[in-house]
Amino acid sequence: MSCADWYLTFLFYKWYSRPSLCPFPHFHCRRAHTVTVLFILTCALVYVTLLEETPQDTAYNTKRGIVASILVFLCFGVTQKCKFWWCLLLFLSSSIQTVHDGRQFMKYIDPKLGVPLPERDYGGNCLIYDPGNTTDPFHNIWDKMDGFVPAHFLGWYIKTLMIRDWWMCMIISVMFEFLEYSLEHQLPNFSECWWDHWIMDVLVCNGLGIYCGMKTLAWLSMKPYQWQGLWNIPTYKGKIKRIAFQFTPYSWVKFEWKPASNLRRWLAVLGIIFMFLLAELNTFYLKFVLWMPPEHYLVLLRLVFFVNVGGVAMREIYDFMDDPKFHKKLGQQAWLVSAITVTEFLIVVKYDPHTIMLPIPSLIIQCWFLGILLILIWTVWRFFIRSLPSPSTSGGRCLDITLRYKETRRRKQEAPADWDRPLGNGSTAAPSGRSKLNGSSETLRQRKS
C-alpha cells in the first residue's frame, strides 16, 4: 500500500472512532451504509468488468484479482460480518480474469473442467404420443424424465419455504418460463416443448413443490415452539423428537408482503422477483460460459449455498422492509446475495458478450415492452392517482367540516342566552355586551336564520 492509502485508512479509522471529527456530519460516519456501499461496489464492478479492457497478462490479472478481493473484503468487513464472504471474493477474482484464464482456472478445482460441452436441445420432437414409434409411443415424455424433474420439485419446495407466499412463487415460476421462451435463441437449453414448459415444469414440478411448501409452512406456523434441553426430556421418544425438531426454525414469522399497500413495499417485491429471476438465469448462463456440465458437483454446491444464505436473506429483507425504524440497515446475507448475483451476471456478460448481445426477435421485444408498460401504468394509477382524494370524497369532507363549523358557531351564540336565565337564588345575570347591542339571543338567531 502507498502512503496515500495508509493516510486514507487512518482518516477513515479516525472518523469512525470519533464521529465528531467527520467532515460530513450528515453522512453519519459511524453508520454502516450498506446500500450505499453495495451501489458503489456495483458501479466499480461494472466499470472494471465491462468498460475497461482486460490485459492478456495472466500474472498481472491474478495480482489485480487478489488486490480487488482484498479491497472488497475491507469494504465488506466495515459494513457487514459474514462467514460466506469467500464466495463473493471468488466470483470477484474471476470477473477480472480473461475468458481463457477463467475457464482454465476451473481446472484447479476439477481437471475434467475447461473443456467445451455440447448443449442439449430439449425441443426436438414435441409429440406427446408418437404413433410412428410402435415400441414406445410415449418415448418423448420418458426422455424428459431426467434428474431435473426431482431437482425442480425440490428447488421450488425450498424456494416456497424462503419466500412464504404462494402468489410470489407462482409469479416467479411463470415469469421464468416466459424468460425461457424469450432467450431460447441464446441458449439451446431453453428450447423446450410447450407441454414441458407448462405441464411438467409449471404444473407438475413447480406447482407440486409450491403446494408441498405451503403445507409445510402451515404446519410450521401452527407448531408450538417450546425448546428444552435434550437431557431434560425423560422419554427416548421425546429425545428423538427433540433431535428431529433441531432442524426446524427456532421461531416462526409469517411473511405478509402486502405489495399493494404502499410504493416502498411494491418496489421491494419487484426487486425480489427480479433478483430471483436473475439468479435463476445465472445458473444456466454460468454453466454455458464456464463449460460446466449440469450434473457437476459445483452446480449443486452453488445451489446449496444459495439455499443456506437465501433463507436468511429473505428474512432480513422482510424485516428491513416491514420495520425500517428498527432495522436501519440491509442485512448481512441480503447484502452478500445481491453482490454475488450481480457479480455472476457481470461474469456472464464479460465472458460471452456475443451470446448475450444476440438480437432478440421483435415480437418478444414488443411483448416485454407491453408488460413493462402495463406495470408502470398500474404503479402510477395505484400509488399516485388512486391515492388522491376523489371529488366526491373531498366534497363530502368539505361539507362535513362546514356543518361542524356551523354547529360550533351556533353553540357559541347560544351561550349568552344562558346568562339571562334566573339562577338558583332568584337573581338574574347581567346581560352581555352582545345582548345590549343586538337584543336578545333569540332575536339574533331569528335574524341570522
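Cβ coordinates are placed from backbone N, Cα and C, and glycine is handled just like the others.
Keep in mind that TrEMBL annotations are predicted by a computer and have not been checked by a curator.
Feature annotation from TrEMBL assigns compositional bias 'Polar residues' to 425-443. Annotated region 'Disordered' per TrEMBL: 409-449, in sequence order. The annotation transmembrane segment is assigned in TrEMBL to 32-50, 70-92, 166-183, 195-214, 266-285, 297-314, 334-351, 363-384.
Same-chain neighbours of the transmembrane segment (363-384): 181-182, 260, 262-263, 266, 270, counting only residues six or more beyond its ends whose CB sits under 8 Å from a CB of the stretch.
Through the fold, the transmembrane segment (266-285) approaches residues 159, 163, 168, 171-172, 175-176, 179, 183, 187, 189-190, 257, 259-260, 299, 302-303, 306, 314, 317, 321, 337-338, 341, 344-345, 348, 352, 375, 379, 382-383 of its own chain, all at least 6 residues removed from its boundaries and within a Cβ separation under 8 Å. Taking Cβ pairs closer than 8 Å, the transmembrane segment (297-314) reaches residues 84, 87, 109-110, 155, 158, 161-164, 255, 272, 279, 283, 287, 331-334, 336-337 in its own chain, all 6 or more past its ends.
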